[in-house]
Each structure stands twice: as C-alpha cells, then as structure tokens.
Amino acid sequence: MAEAVQHDLERAIAYGIPLQRIEGVDSYLQGIAGRNPDLGFLALTGGDGALLQGTATAATAAAGAGHLDARGLEALAATLRGLPTPETRAASLQPIERDGLLILRLPVRVGRLSAEGGGGAASPPAGHVLVGVQPGQVRGQIAGELVTVALGGLAVLLLLAELAGVLARASFRAPLCRLSRAMQEAADGRFATLLGRRPRDQVGRLLFAFNAVVFGLHDRRQRFAAHADEVRAAVFDPEVAAAVERTRLSALDALGPGLEAAPRREVDVRADDVHGFAVLAVAASAMLVLDGGTPSATGLLPAAAAALAGAAAGYAVPARWRRLAALLVALAIAAAALLVAGLSAGLSAGPATDGWTLPGSLCGGLAAGLAAGLALSYVRRQTVDGGSGAGTLPVVRALVSGILAALLWAVAIGWDGGTLAASSLLLAGLALPMARPIVVPRS
C-alpha cells in the first residue's frame with residue numbers, strides 16, 4: 001500500500017507537478033486510510049522533511065491516540081527530518097520505531113520511480129511517504145480475527161459432531177444392535193423378523209445375509225412339511241403312514257413354532273431418524289431469529305412466543321404426516337432465508353431492512369418450534385425407547401447444539417444479516433434430505 005502511494009505521487013511529479021502543489025492529496029490519503037483501518041496514520045512530507053499532508057485512521061482516533069492529530073504528526077515528522085534517505089528498496093522497507101509506532105519512510109523521487117527499483121543516488125527526493133502502524137493495535141486485530149475463526153470453527157464443529165454421531169449410529173451401531181437382537185431371537189427359536197433399513201455397505205450385506213438365512217429356513221420348513229404330507233397321503237399302509245406322521249411331527253417340533261408364519265420385514269423406529277433434521281432445522285431457524293442483529297428483548301420475546309406455539313403445533317402432528325411436515329418446515333425456512341437474503345442484498349444501504357427484523361424473528365421462532373415439536377413427538381410417541389431419557393435427551397441436546405451453533409456463527413461473522421440468511425438457506429437445504437429417514441407408519 002505504501003509503495004502504491006509512492007508510485008502514484010512519483011507519476012504526478014513526472015508530469016512536472018511539484019509535490020507541494022498536487023491537488024487532492026489530502027482526500028487521496030484520507031480515502032486510503034479509510035480503506036485500511038489497520039494503519040495508524042498516513043502522511044506526506046516535503047523535501048525538507050516538513051509535513052505537507054497527514055491523516056490518522058478512525059480506528060487510531062477511536063483508540064485514543066491523541067498525539068496523532070495535526071500537531072502531533074508535525075512533531076513526529078520533525079523527528080524524522082535528519083534521517084538519511086534509504087538508497088535501496090530493501091532499506092526503505094525497514095521500519096523506524098518512534099513513540100510506540102512502526103513507521104515506513106519511502107522516498108518520493110523526481111525523474112525515477114522508486115517503486116520500480118530506483119535507487120537513492122539517482123536524485124534527491126522531493127519528499128517522503130510516511131506510513132505508521134501501532135503494534136498493539138495490529139496485535140489486537142489479529143487476536144480478534146483469531147477469535148472470529150475460533151468461534152466460527154466451533155459452530156461448524158458442533159454441527160458436524162452431531163451429524164457425524166447420527167451417521168455413525170445409523171451406519172454401524174443401530175444395524176449391529178438390530179442384528180444382535182434378531183440373532184438372540186433366532187437362538188430362542190423365533191425366526192419371524194427380516195431386518196429392514198439396511199445400509200449400502202458391508203454391514204448392510206451382513207444384514208442381507210441374515211435375512212437370506214431366515215427366509216431359507218422358513219422355505220425349507222414349508223417344503224419339508226408339504227413333502228411329508230404328500231408322502232403320508234400316498235402311503236396306504238396305516239403303520240407306514242403313522243410312522244411318517246410321527247417323523248413329520250417330531251421334525252416340526254424340533255424346528256419349533258418360530259418358522260410356522262412367514263417372516264416379515266420390520267423397520268425399527270429410532271430417535272436418530274429425526275436427530276439430523278432437528279439440529280439443522282433449529283440452527284437454520286435460529287439464524288433467521290438472529291438476522292436482525294445482537295439479540296434483544298424486542299426480537300427474542302416474540303420469537304420465543306412463536307417458538308412455543310410452533311412446538312405445540314409440531315407435537316400435535318399425526319404420525320403419518322410427520323415426514324411431510326418436516327419437509328414443509330425445511331422448505332419454509334429456505335423460503336424465508338431466501339427472502340431475507342434478497343432484502344439484505346438489495347436494501348442493505350438503507351434503514352428499510354429494519355422493518356423485516358420482527359417478521360424474520362417470528363418466522364425463525366415458529367420454524368424452530370415446529371422442528372422441535374416434530375422431533376420430540378416422533379421420539380416420545382413413535383420410537384421404542386421414547387418414554388425414557390435414552391431417546392429424548394439426545395434430541396434435546398441436538399436442539400440446544402443447533403441454537404448454540406447459530407449463536408456462535410452469528411458472533412463470528414459480526415451479526416451480518418446477509419451472511420446469516422445465506423447460512424440459514426444452506427442449512428435448510430441440508431435439512432431436507434435429513435427428513436427422509438423419518439418413518440411413516442403403515443395404516
């Protein structure tokens with residue numbers, strides 16, 4: 001940046017304009033300082049070292065650096081007046097320490113561009129560009145950026161941890177638990193269950209092999225019984241027929257009653273079915289609530305009331321409509337996020353976006369409540385372990401994780417409405433396929 005200013009001034013001098021008479025330098029320096037808040041000050045001195053123009057950044061003024069006003073910049077320039085002019089680019093880029101500032105002092109030369117490699121022996125400088133930074137301010141900005149990255153990373157990790165847990169349980173733990181229960185039933189002589197919802201991997205092939213064994217046993221039992229009946233019907237000797245019947249009955253008794261009825265494919269309902277949808281939908285809805293800026297009672301109270309109403313409505317949805325309701329909730333969140341993102345992009349320069357803060361909060365709160373109500377209703381009314389904490393607590397944890405992730409993300413991006421709306425749209429899109437595992441009971 002300092003070399004760019006140096007180059008622009010040297011181009012102006014090359015047209016024969018004296019450095020002291022170049023117009024608009026003050027506005028030019030102020031514009032650069034405004035676009036680079038990490039700078040402490042930006043100044044221009046003449047050939048004699050006297051201050052010609054200078055400006056301090058708004059961040060420096062807000063930090064209380066009163067010594068960088070016009071008089072302070074003149075005094076600072078005076079302390080640099082007697083220093084020799086650097087003769088090489090590498091030497092000019094070595095900072096000078098003054099009054100807690102690190103200052104770059106780049107020469108502005110006549111007839112040769114320093115920014116293009118001009119040396120100090122070519123001609124005496126017409127002036128110098130002074131660029132100063134406060135090390136403490138720079139360290140504070142770096143620390144702030146690190147905090148932002150840490151908060152954003154933590155928000156992403158929260159969501160990824162919840163989704164990774166759901167994926168691991170759905171791919172390995174749940175199928176193996178189902179297989180274990182089915183094998184225990186088989187050991188007790190019950191072969192009435194075919195395992196459904198098989199993953200498309202090696203675990204799924206294992207479940208398929210178990211189903212093949214169960215179905216094969218039932219088929220062999222039925223064929224044996226049918227063949228024994230045919231033999232008994234074809235024999236006219238009563239003693240032989242009685243022996244065949246005794247053999248048939250003893251074999252069927254040995255096989256047990258578990259193979260009499262044809263095995264049925266059963267789909268177990270788990271809390272994990274709704275876990276991924278709940279965390280993504282609630283996180284997306286919370287981002288809509290936080291889209292208006294830093295949370296306040298004005299926005300949170302209506303959102304909380306809408307969330308309670310939505311939770312009651314979601315909890316009352318019948319079982320056969322839960323999957324459809326979840327899909328509609330995700331679509332509604334996506335539509336609201338798309339609308340808010342468009343308004344943020346088109347009206348960000350004016351106060352008109354303030355009128356959409358309350359509707360956005362209400363939509364987000366209502367959607368979050370609906371998602372939470374659907375998830376809790378599914379777990380408590382439809383899953384096997386719904387009445388126990390083993391099914392409910394993980395879903396409650398997922399809801400809290402979604403809200404916390406949205407809050408951390410909002411803090412990380414500085415409560416930017418457009419970014420929050422875009423993030424909400426992305427999460428709502430991801431929540432759509434996560435509603436597919438919700439089991440619809442057969443009527």
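Yeah, the Cβs are placed from backbone N, Cα and C, and that goes for glycine too.
As annotated by TrEMBL, transmembrane segment applies to 146-168, 274-290, 296-317, 324-344, 356-379, 391-415, 421-439. According to TrEMBL, the feature domain 'HAMP' maps to 170-222.
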Item to complete: Taking the transmembrane segment (146-168) as the first stretch and the transmembrane segment (391-415) as the second, find out whether 3 or more Cβ pairs fall under 8 Å, excluding pairs closer than 6 in sequence.
Response: yes
Worksheet item: Mean pLDDT, the domain 'HAMP' (170-222)?
Response: 80
Discussion item. Can you tell me which recorded stretch out of 274-290, 296-317, 356-379, 391-415, 421-439 has the most Cβ pairs within less than 8 Å of the transmembrane segment (324-344)?
Written reply: 421-439
Worksheet item: Based on Cβ pairs under 8 Å, which of the stretches 274-290, 296-317, 391-415, 421-439 lies most in contact with the transmembrane segment (356-379)?
Response: 296-317
Discussion item. Quick check on the domain 'HAMP' (170-222): DSSP residue counts for helix, strand, coil, in that order please.
Written reply: 39 helix, 4 strand, 10 coil
